[in-house]
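Data first, discussion second: the structure below is written as structure tokens.
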Amino acid sequence: MTVKWIEAVALSDILEGDVLGVTVEGKELALYEVEGEIYATDNLCTHGSARMSDGYLEGREIECPLHQGRFDVCTGKALCAPVTQNIKTYPVKIENLRVMIDLS
């Protein structure tokens, strides 16, 4: 499979310890800054229709604002009920102070 890096946002758009919702080529994503690294997941919770970008980020864990299920943003792993299905993650790289996402 060919890697397709797409520019998402400027690195400066993602605040330290925060989450940012973006749409890249029609796909809703959540971008996270965790300890100086940027991570990307789908923006919709696997349990309901809540946007992860409206959730609470604590360390590596994002809490869904609807039912308080949590995911590890680095791996996508579902961490507690009611979520049981992992959330999709996407490779990220920084190039010229721009956040690039691999959607392939």
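Each Cβ is built from the backbone N, Cα and C atoms, and glycine gets one as well.
Summarising the annotation, Swiss-Prot assigns domain 'Rieske' to 6-101.
A coil conformation is recorded for Cys64 ([2Fe-2S] cluster binding site) in the three-state DSSP classification, outside any helix or strand. A simple way to gauge crowding: the CB of Cys64 ([2Fe-2S] cluster binding site) has 23 other CB atoms within 10 angstroms, across all the protein chains here. Residues or ranges marked as [2Fe-2S] cluster binding site in Swiss-Prot (evidence: experimental evidence): Cys45, His47, Cys64, His67.
Mapped onto DSSP classes, the domain 'Rieske' (6-101) shows 6 helix, 47 strand, 43 coil. The most densely surrounded of the binding-site residues His47, His67, judged by C-beta neighbours within 10 angstroms, is His47.
Cβ neighbour count for Cys45 ([2Fe-2S] cluster binding site) (all protein chains, 10 Å cutoff from its Cβ): 27.
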